[in-house]
């Protein structure tokens with residue numbers, strides 16, 4: 001059984017191939033036109049072969065049975081005789097719109113043009129297939145549309161802006177067919193026409209561009225009056241409404257469910273002229289006002305409108321006299337609701353119906369310029385809307401602000417003049433004979449200093465302080481630090497008085513001083529601008545400077561005394577050219593000339609300051625803490641006492657006196673310092689003379705050995721019982737080859753047997769002991785390299801006096817002895833040698849072991865012996 005063929009698909013392809021061919025089309029349905037209008041019938045061809053540009057033939061038949069040639073695009077003699085005249089006049093013509101499309105135009109259609117129109121195309125195809133013609137029916141109706149204005153000729157309306165107006169258009173039709181009318185109002189102004197409002201054939205309203213808002217607000221309306229009148233109503237006329245108004249009416253008919261316009265007529269209804277609203281403004285031409293006063297400008301309005309219009313008034317300010325608003329500043333605005341919008345210090349008021357006043361308070365020079373008044377008139381519209389009916393700008397009003405500067409004089413005097421250094425100085429700068437200094441003017445001061453010169457050289461003034469208009473005080477470089485420290489005080493005592501006070505006047509402050517009083521004027525933004533400066537005459541601050549003189553005389557009231565007695569010394573002070581002096585006293589002591597124990601050494605013992613506060617300075621004798629007293633006998637006399645004097649107290653004693661001068665409050669300034677004549681304490685005695693020396697059996701030791709040093713005290717002169725002698729012994733070392741370093745305390749032993757050891761940074765230790773009455777042994781155990789150097793001892797002898805008190809003698813020092821610490825070479829190299837030999841032996845044995853193992857196991861090869869063949873020699877005689 002065979003496979004069936006796909007018959008449906010094959011039949012479809014076959015029918016598509018057969019049906020495909022040329023297609024000629026004209027609009028489907030019936031085309032309706034009115035007598036006198038233009039008829040346009042389009043025709044196009046598709047799916048054809050041959051050239052791209054196709055030709056068309058048009059034929060007409062009134063009944064649809066026999067067609068008469070009407071027009072052709074390619075054959076001149078194609079039209080019938082009755083149509084050739086209309087073709088020549090252009091009433092009938094063909095207009096090609098594309099290579100495959102053409103339009104038939106028949107102007108001024110007549111009833112005889114009603115019938116059937118056929119469009120055909122000559123064949124250019126290889127095979128004839130498809131349709132080559134298409135036909136449509138045209139109906140021609142009589143003109144039954146009547147359009148006209150409500151009155152003839154068209155009226156001319158003259159209106160004012162804001163007034164209402166109405167226009168009417170009559171339109172009707174008596175067509176036997178069911179037709180609809182569409183109406184459109186247009187405004188023509190020269191070559192430009194605008195659509196205002198239209199009523200479509202479907203009964204819908206369409207406002208034109210720019211009229212949407214007015215239509216929705218009800219300002220522009222379109223309604224019918226009766227059966228044939230259409231009324232355009234404008235509630236408020238605008239200047240843009242001026243022009244010629246036309247009523248355009250079109251008639252529509254429905255054919256096979258679609259609407260088509262069959263004719264359109266237009267008629268001139270009216271010409272509307274909008275008269276502009278007269279608006280004039282009057283402002284003063286020029287105004288002069290004093291700075292600080294109020295500026296009052298009026299803007300008077302004149303208009304021919306008597307209806308309900310509301311003005312909007314705006315004032316502008318600018319620096320140039322033109323009327324352009326460029327680079328202008330708006331000052332105030334009164335809107336149509338009578339709400340005022342203004343900048344600070346500006347007010348806008350409504351005086352009467354047609355007068356508006358601008359008030360600028362507290363004017364300044366910045367207000368000089370030109371003022372413009374801009375007025376706009378607003379008329380109410382439909383549905384609470386407003387529209388502008390007029391606007392005008394006034395001529396510029398020139399305003400000049402004059403300044404009447406304040407008048408005053410400045411007088412400077414010195415209320416306090418210094419007689420000495422550190423005395424206060426006070427200057428007062430007063431403002432007198434003031435005129436025109438009101439609340440809008442502030443007076444501030446600046447202080448200046450100028451150094452006096454003996455010659456005629458000009459010296460620049462130095463600013464001390466300046467006060468700005470906001471009362472801010474700024475210091476100059478000369479006075480900044482001293483003002484911050486409170487030495488310079490600038491103040492305003494009264495409204496007209498400024499003061500400058502120097503708490504402590506120095507010689508550098510001598511010179512000329514003057515003040516400058518500045519007038520500041522307040523601006524509208526609450527800022528202050530300087531307007532005037534007035535200088536005072538200078539005041540010279542000077543006093544004759546003489547050197548301060550301070551003389552101190554010391555005396556010893558009691559005669560010569562012995563050790564253990566009380567020493568007393570008084571110091572009398574006298575001064576000149578020092579203001580209200582107070583004295584501080586320092587007692588000093590120096591060793592007498594020839595004392596080698598501590599030459600040129602000055603020791604401070606006790607002091608008393610200018611407030612009578614006593615202080616022990618370098619008095620270190622703990623056993624005699626209360627042994628010295630310094631007291632004030634009179635304002636210029638002081639007494640020093642030292643109880644239980646020692647032989648070691650011998651020396652030259654002086655009073656060092658410093659004079660202090662008050663500089664204000666509790667502060668004092670050092671005025672002068674002087675040293676009194678010396679008072680000597682010299683104990684004439686035949687007592688023993690002590691000497692000290694250092695001895696060592698070994699001056700060179702090996703590191704680690706014991707260093708033994710003896711401090712030996714010898715006594716010359718009087719023989720003393722050992723129980724009447726005691727010694728303070730201290731050992732010092734200078735660890736250098738010379739004595740160029742500071743000595744280091746090793747150990748000390750006081751007369752009571754208490755040992756004190758100094759701090760050291762290495763391991764060796766020291767010990768100090770008394771070997772005999774006059775010998776003291778210092779031992780350095782386990783000496784180090786750092787222990788080399790110069791060693792010496794310091795001895796302070798103590799001797800018991802016949803009264804039983806101990807007297808300290810002068811401290812004595814031994815000559816230094818140099819100790820050398822050597823290094824033990826054998827001990828130093830013993831351990832490194834043993835370690836080196838041991839390491840070498842171990843490394844050698846290890847190398848031998850490695851070599852043996854390598855040769856025995858790793859590098860051994862089997863050697864084969866080569867055998868040689870031994871053959872016996874045969875006798876040559878053998879056969």
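The backbone N, Cα and C atoms fix where each Cβ goes, glycine too.
Considering 271, 714, the record held by Swiss-Prot lists 271, annotated as phosphothreonine.
Residues 833-853 are the range that Swiss-Prot records as transmembrane segment, among 812-832, 833-853. In this structure, the CA atom of residue 169 (disulfide bond) is 14 Å away from the CA atom of residue 271 (phosphothreonine). Summarising model confidence by region, the topological domain 'Cytoplasmic' (854-879) averages a pLDDT of 52. If you compare Cα positions, residue 373 (disulfide bond) sits closest to 43 out of the disulfide-bonded residues 43, 655, 793. Each residue contributes its Cα atom, and for residue 515 (disulfide bond) and residue 793 (disulfide bond) those atoms are 74 Å apart.
Assigned with DSSP, the residues of the domain 'Ig-like C2-type 5' (544-662) fall into helix, strand and coil as follows: 6 helix, 61 strand, 52 coil.
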